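For reference, the structure discussed in these notes is given below.
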Amino acid sequence: MAERTNLLDFTLPRLTAWFAELGEKPFRAKQVFSWVHQRGVDDFDAMTDLAKGLREKLHALAVVEPPEIMSEHISADGTIKWLFDVGVGNGIETVFIPEDDRGTLCVSSQVGCALDCKFCSTGRQGFNRDLSVSEILGQLWVARRRVAELGASLREDADARPITNVVMMGMGEPLNNFVAVTDAMEVMLDDHAYGLSRRRVTLSTSGVVPMIRKLGERLPVALAVSLHAPNDEIRSRIVPINRTYPIAELLKACRDYLAVAPRDFITFEYVMLEGVNDSVANARELAKLLADTPAKVNLIPFNPFAESGYVRSSDAAVRQFQSVLIEAGFVATVRKTRGDDIDAACGQLAGQVVNRMKNKTIPLRKVAP
Ligand code: SF4
């Protein structure tokens, strides 16, 4: 049999066009799209309002095929980490973080990453390949189903938090896989699919400036930027893309993005590395740097990994850094460490990937981009 089409690769307009090629009406595409995404159904026979002829056609030509779960780990705090199989020894990771008022899914966009941020082990292992739309969206499709199945067992109050937010903050630089990532996010936002608001879908980038502009044109969602430094000298050392797109250009792109963004601020992520970027002077410099940019700063305690060469800033240093920012008028939060017991805290995503650049298999561990 010829290879069947994976319906998880389609936005609604593309599914509608594909249905038209089959001689099917647009409303049929909408029905199938809702079955697949809203109800999480992958069996065409269960799509009871479709004519039998269409179901048979879909059986012959199509599948609903997310990546398979290789492993699932549930933390005592309800955090769930999945390792998904994306072929030839490659694993990608997805993490669900339940909180009192939301359930956030952290989604990967690439296998490995080419950007080589020095504190990030995904960066250390190099780039393997981009994920397809079905591999990106499939993480949400599977996670939503598993969270619902696990339901009562996840929380004491037997009221498992559904997925309300998605952050494109897992492995990879999402703006370097622009077409697939934006198509997948289009489905996340689609009212016939997951119906998430633009405010609840966040793309986190290390600062691929031209693509920030393109994102604003194509699909403006909430934006987070991995800043990690208060000046170009430090940032170029730890986030090498800064040599191509220095801070002034990046902040200008962020301010321009705010004209179309669903939120009126940009979130800046800042991993706290002892002796590198965590002094009071660094905090003051950061406050000055961001003075003209509506910003929220999220401080991330570094999670060391083998041979990282970096040390996590002390709690006192993090608190002091935060105070300086708050005194300067910023909203500054410290990211809570979640899922410690299953190695799913930020910077602790771990898996296996075949690194084609370096031609060896190494464990994946990363800090959120
Ligand atoms: S922090 Fe993000 S952009 Fe940087 S190397 Fe890691 S995955 Fe890539």
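Even glycines carry a Cβ here, placed using N, Cα and C.
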Task: Given TrEMBL lists Gly172, Glu173, Ser226, Leu227, His228, Asn303 for S-adenosyl-L-methionine, the same-site residue among Ser204, Ser313, Ser314, Ser323 - done: Ser204
Open item on the list: Of Glu93, Leu227, Asn303, which is closest to Cys120 ([4Fe-4S] cluster binding site) if I measure between C-alpha atoms? They're all recorded positions.
Closed with: Asn303
Task: Same chain, 6+ residues apart, C-beta under 8 Å of the C-beta of His228 (S-adenosyl-L-methionine binding site), given in sequence order - done: Cys117, Phe119, Arg235, Ile238, Val239, Glu269, Tyr270, Val271, Asn277
TODO: Return the members of Cys113, Cys117, His228 (the binding-site residues) with CB less than 6 angstroms from at least one atom of ligand 1, or none.
DONE: Cys113, Cys117
TODO: Please state whether DSSP places Ser204 (S-adenosyl-L-methionine binding site) in a helix, a strand or coil.
DONE: strand
Open item on the list: Distance check, please: Cα of Cys113 ([4Fe-4S] cluster binding site) against Cα of Leu227 (S-adenosyl-L-methionine binding site), rounded to an integer number of angstrom.
Closed with: 17
